[in-house]
Amino acid sequence: MIKYQILENEHQIKCSKNHNQPIQMVLFDEQLSNADRLLCNECMNHFEGNVKIVGFQKVLSTIENDQKRKFESVEIQIMESKQILQVFGTKAQNLKTKILSQFDQLLGIVQQWQNQLDQVLRSTFTYSFFEELDNLIKNKESKFITHDNLIKNNQSFQQKMVSFIDQLMNQQLQNEVQDLKRAFKVIEKQESTKNYFSKEEHNPNIINQIQNFEIKLIDDSMLQPGYCRAISFNNSDQIMISTCNSEIRVFRFENSKIKELCKLEDHSLSVNVLIFSKFSNSFISGSADCSIRCWQQQEQNQWISSKPYIEHSKPIYCIILNQKENLLFSAGNDKIIMIWELSFIKNVLKYKAQLNMHQEEIYGLSLNDSETLLVSCGKDKRIIIWKKEGDDWIFNHIVNQSINEFGQRIKFLRDDLFLWVAANSGVSVFELQNGVFQENKDKEVELCLNVNADCYLFPILCNPNKNLIIIRHKCCIYIIKETLDHKFQIVRTIECLWNKSLGTITNDGQFLVFWDCAKFEKNESSNGRYYIYRLQDN
């Protein structure tokens, strides 16, 4: 990184008399210039005049601070411009690659057509003497390609070429060109609206100001001594469910506060997972009693539980749904990923299949956006990619990770990128390259590490519309934004009292709710409570 530096060396900054002594004072006299304004001890012994005198070290410090302020302002603006240009360059390169690829495919069709014509030509010039003799004696016509068949063959290739040429100007390619134009507009806007030397931006916290993101504690009045392991909101963000040991608590979320409506007590051991439907007031619970239950609201404070579905032999740690909510994946302490068919309308599950590759307990599951890939991680230090083929899921590959640790949180952000959080390291970023996910060390997010152990509770939270990623690691909640160059930056942190605090965000991304406590013994904590934070971009 470029550093600001003074042009003159220490030997050039000396008094005009060349006494070769350290400069002590500076004369603030507009009539003087350069070395005439500098006084060493010898100069001061002979100095006479009524001019403002300032200590040299103070002047040097003032100049350095001013230069540092200017440098930081320019550096921030230049880094922003470089990030935007990098994004533009990447989009342009991707568009170039796609266009070239399409022309390569078009030329491939041309080559196939030529090969077909050559093959027809060769077959016309070759014949079997005995086959033709037999045809002659039996008065049968020889087999050869007819004019109509040749025309039909040519027409088939013509249609392929016309179709492919049309695709070169299809809406998808037009969208990518428009996306490239928008990226250039960002450059124009950034250049025209930013003043590199604006004093308004001379602030040591300029990076946080650029993020323009604020958090505010709204309420912490709701106490809960019992251990909370999961929180989830319904689609309207009006109902919140959470756990208190083996109980499920149902709350009304209104005016930034929660009010308990009822308790559900069907599980026999601690409830570890809750997932609300995005389409109805139904949810799924997974428990240490090895069971999964479907829940359906009958009336405001009445919820009906399905029978317990028990295929796991040990506690369940994680559950995810597909977007249609007709498929459920569950995993936990028994090292197995179970796949279920789900009907929220009927309030039932049906066991479908299981995936076996992990050697120890599984902590995290995530589907990519197109739901063609599933990623899992666990205590065995394995990150495993599973691929959908037809209606089945099969093993694809094990992802190499450089730190040789086990991970407790994992999340696809898009089809070709996922985040993984190890127990004692930062946030690792993995990107798809040539069909295999590879770690990108340049995008790794460093976290504040300490001696506390981490806990699998509190999965990675994302809200793409708000460009919001929330990760709790050990005793700190990190609020992260993705930058223009697709790296990740921590914009705010919240210190927790305990390394097993648990929380979630509302579907609209406006509120973060988590349960935390300072001390926990024998499944109770006298100071456990829910904290509600407002999240907003100013």
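For all residues, glycine too, the Cβ spot is worked out from N, Cα and C.
The repeat 'WD' feature in TrEMBL is assigned to 264-296 (among others). Taking the repeat 'WD' (264-296) as a whole, pLDDT averages 96 in the prediction.
According to TrEMBL, the repeat 'WD' annotation covers 309-343 (among others). For the repeat 'WD' (309-343), the DSSP-based tally of helix, strand and coil residues reads 0 helix, 20 strand, 15 coil.
Here TrEMBL flags 355-387 (among others) as repeat 'WD'. Beyond its flanks by at least six residues, the repeat 'WD' (355-387) meets 314, 317-320, 322-323, 329, 331-337, 339, 393-399, 401, 404-412, 414-415, 418, 420, 430, 437, 456, 459 of its own chain at Cβ-Cβ distances under 8 Å.
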